[in-house]
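Notes to accompany the following structure.
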Amino acid sequence: SLILSILLYMADSYQNSDMTNVGCEECKLKENKVFSNPGAPVYQCTGCCFSRAYPTPLQSKKAMLVPKNITSEATCCVAKEGERVVVDNIKLTNHTECWCNTCYHHKS
């Protein structure tokens, strides 16, 4: 009876916990140790944002060369603001603010 109670409690706790971002931190600034120098830190945006999938609207589906039933949409952790800096003769963008927005590497 005690073991059953413990198992039920664990199952209930697991069900109510937010498992959407396990293993991935929120989108935020993090110091880049490779390019940072003492007194001159360089930051970059890292972390996770949402993605979702939904049924493709009929109007959109008709316009597709290869119709797909499911459409997915994702956002990535990208720099909202940044300033150009030079570190060891390498031009970099030091991120100053992050947000979840269009994934640039998905654009063609």
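Glycine too: its Cβ is placed from the backbone N, Cα and C atoms.
Database features (Swiss-Prot):
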DISULFID  Cys24-Cys48  disulfide bond
DISULFID  Cys27-Cys77  disulfide bond
DISULFID  Cys45-Cys98  disulfide bond
DISULFID  Cys49-Cys100  disulfide bond
DISULFID  Cys76-Cys103  disulfide bond
CARBOHYD  Asn69  N-linked glycosylation site
CARBOHYD  Asn94  N-linked glycosylation site
SIGNAL    1-13  signal peptide
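Same-chain residues at least 6 positions away in sequence with a Cβ under 8 Å from that of Cys103 (disulfide bond) are, in sequence order, Ala74, Thr75, Cys76, Val78.
For the disulfide-bonded residues Cys76, Cys98, Cys100, counting C-beta atoms within 10 A of each C-beta gives the highest total at Cys98. Of the candidate disulfide-bonded residues, Cys45, Cys48, Cys49, Cys77, Cys100, the one lying closest to Asn94 (N-linked glycosylation site) when CA atoms are compared is Cys45. Using CA atoms as reference points, the disulfide-bonded residues Cys49, Cys77, Cys98, Cys100 were checked against Cys24 (disulfide bond), and the closest is Cys49. Rounded to the nearest whole angstrom, the C-alpha distance between Cys27 (disulfide bond) and Asn69 (N-linked glycosylation site) is 30.
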